[in-house]
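Everything below concerns the one structure shown next.
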Amino acid sequence: MSKPTADNAPNAAAKGAPAVPANFLRPIIQADLDSGKHSSIVTRFPPEPNGYLHIGHAKSICVNFGLAKEFGGVCHLRFDDTNPAKEDQEYIDAIQSDVKWLGFEWGGDVRYASDYFDQLHDWAVELIKRGKAYVCDLTPEQAKEYRGNLKEPGKNSPFRERSVEENLDLFARMKAGEFKDGERVLRAKIDMASPNMNLRDPILYRIRHAHHHQTGDKWCIYPNYDFTHGQSDAIEGITHSICTLEFEGHRPLYDWFLDNLPVPAHPRQYEFSRLNLNYTITSKRKLKQLVDEKHVDAWDDPRMSTLSGFRRRGYTPASIRNFCEMIGTNRSDGVVDMSMLEFSIRDDLDRTAPRAMCVLRPLKVVITNYPEGQVEQLELPRHPKEDMGVRVLPFSRELYIDRDDFMEEPPKGYKRLEPAGEVRLRGSYVIRADEAIKDADGNIVELRCSYDPDTLGKNPEGRKVKGVIHWVPAEGSVECEVRLYDRLFRSPNPEKTEEGGSFLDNINPASLQVLSGCRAEPSLAQAQPEDRFQFEREGYFCADLKDSQPGRPVFNRTVTLRDSWGS
């Protein structure tokens, strides 16, 4: 299996992008430690608890937690919980579970931006006292008009020159709950003519009469992200505040707050390119829409781009970590091909997944010349290379093969079973198809075959049998359900639609096929949830985390054996 790279994997990175280090942050951190600027490093991962983590977050997790671990530092998990109307404890629990599942531990207790609400409020008051913040009564529509655009400077709010005393009074009344949601905001007084739109008197506080999952009903004013981010970093002693490139334009504002407040430290913000993966959606709003409108079963549906979805589908933490390392950390935006992620999981499972046989579309085979009542216990390796021991398959007169492995009128080059043709059963004997039994509608319901008793573990004398197919014994095999998952979207860019269209128009109608009545070899009867296997000739599968039970297994296809989508 050849390893795709940014050069030979389709769309792995932006075409023409210059060569960059695997992680441009490593030499920066090393230099800071060598110079004594920092004695140790502290990073943070600050998700907003308004949805489940997706594959894009995996890169941020691996960067922040990975660098901290590599350099002997710590990484904080801090929830940016400044918008109570959209946040939920369910998301907080899921995020913690996902970070741990990926193999990382945060330093100390879980932290919340809401832990610092009192301090942030005091700093907002400090900005008012310094004449650098004011209460504004403009409506959202008016504020948008006053803000200007990239070509035109903004205009000062008519409330910009309120006195310090009036601003302190109004802000105190905002905090006391005297005003309705949206009636007033607190804004920083910076520069309405700045070419950087983020510096045009940004909002610091909004009024939201909403119950907060951590602070209850203590607050009815909440700080926005930009006012919370840098100061929280300063409080926690973050040395390297690492975020994605869309926040590059926010860095001057990040620094402005730290420069104008009596903070205990002045962290430095660094930006790297976010993970853009084709055939996926990572907008939390759109992921939530998929769930709410029941296009998928839940946030952890194995077709979703959420980490819980990838986990349930059978992806391993190592495969996702290795994928994030493979694509590198740089400042060059591009689109990574899904085939790179699929390569990573195939590479991992090829080495770690035990082999097993499962017949997805069973066709009964009766070996007419095999002694009735006789059973042989055949030993097959659990892995062709790794020492995983053996599993035992009972071989007797009746067994199942896949319906797709027999054709009455096969095309040229067909190497499976056909009338009067021979094929080897994996790890067993060579059989010949003698007769196809059909029902009243002409459907094949059973094959009558004969076997060559001298072909166990060796080729028959004087003839070459090319085809090898998988099978399971009729007696002892376990009935199971198999879910064949594929990419949720049929377009590399699901966001690209016809005028007036929706990303939902690009949903792949063949993203899930549920097969019942499948037959698995006896060793799979006691498969535990999340046990992973290579079903020989079929793909990589795992026992479903929610629905699979010993004796009644449900298997999800993680990925096919080869890329079926092409380059």
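The backbone N, Cα and C atoms fix where each Cβ goes, and this holds for glycine too.
Same-site candidate for ATP binding, as annotated by Swiss-Prot with E48, P49, N50, H54, I55, G56, H57, A58, K59, S60, R274, L275, chosen from T82, T244: T244. Within the set 36-46, 47-57, 410-420, 498-508, the record from Swiss-Prot flags 47-57 under the feature motif ''HIGH' region'.
Between the listed ranges 226-230, 281-285, 451-455, Swiss-Prot ties the annotation motif ''KMSKS' region' to 281-285. With a threshold of 8 Å between CB atoms, the same-chain residues lying at least 6 positions outside the motif ''HIGH' region' (47-57) that come near it are 79-83, 86-89, 91-92, 94-95, 98-99, 213, 225, 274-277, 280, 282, 284, 287-288, 299-300, 304-308, 310, 320, 341. For E48 (ATP binding site) paired with Y225 (L-glutamine binding site), the C-alpha to C-alpha distance reads 10 Å. H57 (ATP binding site) sits 18 Å from Y225 (L-glutamine binding site), taking the CA atoms of both as reference points. Per-residue pLDDT, averaged along the motif ''KMSKS' region' (281-285), amounts to 94 for this model. Taking Cβ-Cβ distances under 8 Å and a sequence separation of 6 or more, the neighbours of Y225 (L-glutamine binding site) in its chain are E48, D80, T82. Remark: T244 (ATP binding site) has S60, E271, F272, S273, R274 as non-local neighbours, by Cβ distance under 8 Å and separation of at least 6 in sequence. Secondary structure from DSSP puts T244 (ATP binding site) in a beta strand. Taking Cβ-Cβ distances under 8 Å and a sequence separation of 6 or more, the neighbours of K59 (ATP binding site) in its chain are R274, L275, C324, I327, T329.
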